[in-house]
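Encoded as structure tokens, the structure appears first; notes follow it.
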Amino acid sequence: MPKNSKVTQREHSNEHVTESVADLLALEEPVDYKQSVLNVAGETGGKQKVAEEELDTEDRPAWNSKLQYILAQIGFSVGLGNIWRFPYLCQKNGGGAYLVPYLVLLIIIGIPLFFLELAVGQRIRRGSIGVWHYVCPRLGGIGFSSCIVCLFVGLYYNVIIGWSVFYFFKSFQYPLPWSECPVIRNGTVAVVEPECEKSSATTYFWYREALDISNSISESGGLNWKMTLCLLVAWSIVGMAVVKGIQSSGKVMYFSSLFPYVVLACFLVRGLLLRGAVDGILHMFTPKLDKMLDPQVWREAATQVFFALGLGFGGVIAFSSYNKQDNNCHFDAALVSFINFFTSVLATLVVFAVLGFKANIMNEKCVVENAEKILGYLNSNVLSRDLIPPHVNFSHLTTKDYSEMYSVIMTVKEKQFPALGLDPCLLEDELDKSVQGTGLAFIAFTEAMTHFPASPFWSVMFFLMLINLGLGSMIGTMAGITTPIIDTFKVPKEMFTVGCCVFAFFVGLLFVQRSGNYFVTMFDDYSATLPLTVIVILENIAVAWIYGTKKFMQELTEMLGFQPYRFYFYMWKFVSPLCMAVLTTASIIQLGVSPPGYSAWIKEEAAERYLYFPNWAMALLITLIAVATLPIPVVFILRHFHLLSDGSNTLSVSYKKGRMMKDISNLEENDETRFILSKVPSEAPSPMPTHRSYLGPGSTSPLDNSNNPNGRYGSGYLLASTPESEL
């Protein structure tokens with residue numbers, strides 16, 4: 001430690017140096033505490049340690065602008081689920097009526113918990129491991145669980161990007177390769193591929209040409225080399241986007257976050273001009289109010305809110321940790337949440353405008369096929385021509401005319417009617433067909449685009465949008481893995497990031513087998529749902545009940561410069577934990593009531609069949625959930641019995657129990673005890689104080705406090721005035 005003038009004079013005169021703590025700090029020249037050497041209390045022989053400043057933020061990267069940060073949060077939270085899951089849930093759960101429970105739960109669960117993660121990340125300026133270690137060391141396992149969940153999600157999520165890459169490259173041809181069934185040679189006769197003839201061209205292309213899928217999860221079938229190459233491309237894209245941290249990913253976000261909105265806007269305009277688009281939108285938003293009383297609707301709405309904002313992954317915390325301390329994260333939480341909701345509604349409009357068009361196409365096809373059946377029955381005298389209304393013209397048969405004719409035949413030929421095999425061809429039935437996930441993106445949407453003018457252009461735009469949506473979410477997911485590990489273990493950023501991508505690619509080969517789609521279903525449905533719910537409820541408890549909601553609100557007031565709404569106090573303290581507990585219980589009950597299974601594509605039947613997971617797959621599923629949640633009890637037990645150090649003796653800064661921030665500027669000037677904290681290891685460490693008045697960077701030399709009348713400073717020594725980062 002650099003010597004002040006008094007100490008220098010006494011050392012030159014060989015006098016015995018005795019300084020109080022206050023004198024040493026008050027007369028100190030500017031100092032760089034990162035190289036200070038302290039004697040730590042409780043260590044035998046006065047062993048010296050280099051106190052590396054754990055919460056140093058001098059070298060921490062920062063966002064180039066507020067816009068870049070907001071786009072990163074939007075890119076992470078707005079993902080493929082907004083495009084293919086929210087519209088499905090909206091249709092399934094009452095149309096416009098579903099928006100009511102969704103909005104209510106967004107306000108009482110989504111925004112408060114999103115704000116909580118933004119606040120702790122911004123204040124403590126560490127990834128998920130460091131943040132929860134500082135808030136409550138015994139719950140430090142939360143951060144490790146978040147990393148594991150991010151790894152599980154990243155493994156299969158990038159496979160979906162790989163699928164989109166495959167379709168993207170296949171879109172540069174006319175006609176689109178999934179617009180017609182392939183023709184095969186059977187000797188000298190050309191016939192349509194039977195599997196395609198029984199299903200549809202787009203369904204066949206997805207299951208056979210793209211996935212080359214096996215009949216069950218137990219039939220591996222070997223690697224699909226086309227998807228293996230696409231997965232390699234996907235991980236290469238992600239690796240290049242995140243290898244330099246936010247310096248590289250931040251720039252990528254300008255395109256990956258904004259481009260999907262351009263595409264959605266173009267699709268909406270084009271979709272509204274399609275015949276039948278209004279039918280789809282009206283069907284979508286026609287409220288079925290009785291659905292609002294169904295508990296299942298509220299459970300699914302809560303789950304969607306929960307995952308739509310990316311809570312519990314650690315990506316939100318990682319991104320906010322690169323913010324300035326005085327950033328208004330209160331505003332950010334509301335802004336990102338409502339942009340997310342707006343995106344979901346926009347995507348729903350686009351999806352059902354397109355599906356309304358598709359429903360009209362399919363309904364007209366149904367009318368033509370059944371009209372041909374009726375003509376056959378008329379020609380064979382199975383039906384009398386007297387049953388056909390006189391104004392019906394088979395050459396220009398409308399949907400209305402067919403419905404009238406169908407009703408007459410069904411009434412007159414009541415007993416023989418089932419044997420005729422006629423369909424009602426109702427538009428409502430087509431619109432009611434629930435489509436979600438890969439079925440929406442790679443079957444329903446691709447089929448609709450085959451009927452678009454200039455279909456290759458729209459196909460390229462659509463799959464490029466999916467790639468960008470997936471990339472934005474993957475950047476946040478990778479940040480949830482790399483940021484806490486790099487912060488905690490100080491590993492080289494570039495090397496660790498590249499290593500993660502290479503490791504994930506090789507593990508991801510599991511998902512590009514012929515049975516890989518079934519593993520994607522398993523990971524998507526079960527590997528993250530329950531663990532993330534547990535993670536977020538423990539985050540809420542750690543801040544609201546262990547640290548204390550009142551103290552947390554005080555810290556936010558100091559950090560933001562204004563007091564957040566009292567609304568958040570009650571949400572964090574009571575409402576959100578209760579809702580999360582109910583959601584966790586409901587998820588566990590759902591697992592027990594409905595045995596886990598998957599939809600398998602049976603080649604011989606050219607149809608899907610729901611199968612239950614075999615015993616080994618159930619064991620894998622349970623292992624995934626256990627591995628994701630195991631760090632929480634393990635770290636708790638190890639720290640409870642003092643088998644794992646909380647690292648307090650290696651920190652240059654220790655913290656009073658139950659305080660995240662300590663501003664010493666308001667303390668009494670002559671109170672020397674203000675520089676000495678409790679020897680009890682911190683239960684809630686915190687970042688550096690907001691206001692620092694007199695110390696700045698400078699040269700250092702070792703500080704030997706063995707002659708100090710107060711004894712060794714111990715682990716409670718407070719670096720009250722280390723310069724605050726410009727971040």
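First residue shown is number 1, and so on along the chain.
From the backbone N, Cα and C atoms, a Cβ is placed for every residue, glycine too.
Residues annotated as compositional bias 'Polar residues' in Swiss-Prot: 698-710. Among the features that Swiss-Prot reports, N-linked glycosylation site is placed at Asn186, Asn393, with the record citing sequence analysis. According to Swiss-Prot, the phosphoserine annotation covers Ser13, Ser20, Ser665, Ser701. The phosphotyrosine annotation in Swiss-Prot covers Tyr377, and the record cites a large-scale study or a structure entry as its basis. Positions annotated as region 'Disordered' by Swiss-Prot: 680-727. Per Swiss-Prot, topological domain 'Cytoplasmic' is recorded for 1-68, 117-140, 244-251, 323-333, 472-494, 550-569, 642-727, and the stated evidence type is sequence analysis. Summarising the annotation, Swiss-Prot assigns topological domain 'Extracellular' to 90-96, 162-224, 270-304, 356-451, 514-528, 592-618. For 69-89, 97-116, 141-161, 225-243, 252-269, 305-322, 334-355, 452-471, 495-513, 529-549, 570-591, 619-641, the entry in Swiss-Prot reads transmembrane segment, with the evidence type sequence analysis.
Structure with Swiss-Prot features highlighted.
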residue : record                      : DSSP class
Asn186  : N-linked glycosylation site : strand
Tyr377  : phosphotyrosine             : helix
Asn393  : N-linked glycosylation site : coil
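With a cut-off of 8 Å between Cβ atoms, the residues of this chain six or more beyond the transmembrane segment (529-549) that come close are 113, 116-117, 120, 132, 135-136, 139, 142, 145-146, 148-149, 303, 306-307, 311-313, 569, 572-573, 576-577, 580-581, 583-584, 587-588, 591, 625, 628-629, 632, 658, 660, 684.
Mapped onto DSSP helix, strand and coil, the topological domain 'Cytoplasmic' (117-140) counts 19 helix, 0 strand, 5 coil.
Geometry remark: Asn186 (N-linked glycosylation site) versus Tyr377 (phosphotyrosine), CA distance 32 Å. Within the same chain, residues at least six positions away from Asn393 (N-linked glycosylation site) with a Cβ under 8 Å of its Cβ are Asp401. The stretches the transmembrane segment (619-641) and the transmembrane segment (141-161) are in mutual contact, each linked to the other by at least three Cβ pairs under 8 Å (pairs 6 or more apart in sequence). Taking every recorded stretch in 69-89, 141-161, 305-322, 334-355, 570-591 and counting its Cβ pairs under 8 Å to the transmembrane segment (495-513), the highest total belongs to 141-161.
Against the transmembrane segment (97-116), stretch 570-591 has more CB pairs under 8 A than any other of 141-161, 252-269, 452-471, 570-591. In this view, Asn186 (N-linked glycosylation site) is surrounded by 9 other Cβ atoms within 10 Å of its Cβ, with every protein chain counted.
In the structure as shown, the Cβ atom of the residue listed as 'phosphotyrosine' sits within 10 Å of 17 other Cβ atoms. Mean per-residue pLDDT, taken over the topological domain 'Cytoplasmic' (1-68), amounts to 48.
Residue counts for the topological domain 'Extracellular' (162-224) under DSSP (helix as H, G, I; strand as E, B; rest coil) come to 24 helix, 9 strand, 30 coil.
Under 8 Å from some Cβ of the transmembrane segment (252-269) lie the Cβ atoms of residues 68, 71-72, 74-75, 78, 241, 343, 346-347, 349-350, 353-354, 458, 461-462, 464-465, 468-469, 471-472, 475, all in the same chain and six or more residues away from its ends. At the 8 Å Cβ threshold, with sequence separation of at least 6, the transmembrane segment (69-89) comes into contact with the transmembrane segment (334-355) through 3 or more pairs. Long-range contacts of the transmembrane segment (570-591) within the same chain, counting only residues at least 6 positions beyond its ends with a Cβ under 8 Å from a Cβ of the stretch, are 105, 108-109, 112-113, 116, 295, 299, 302-303, 306, 526, 529-530, 533-534, 536-537, 540-541, 543-545, 549, 552. At the 8 Å Cβ threshold, with sequence separation of at least 6, the transmembrane segment (225-243) lacks contact with the transmembrane segment (305-322), having fewer than 3 such pairs.
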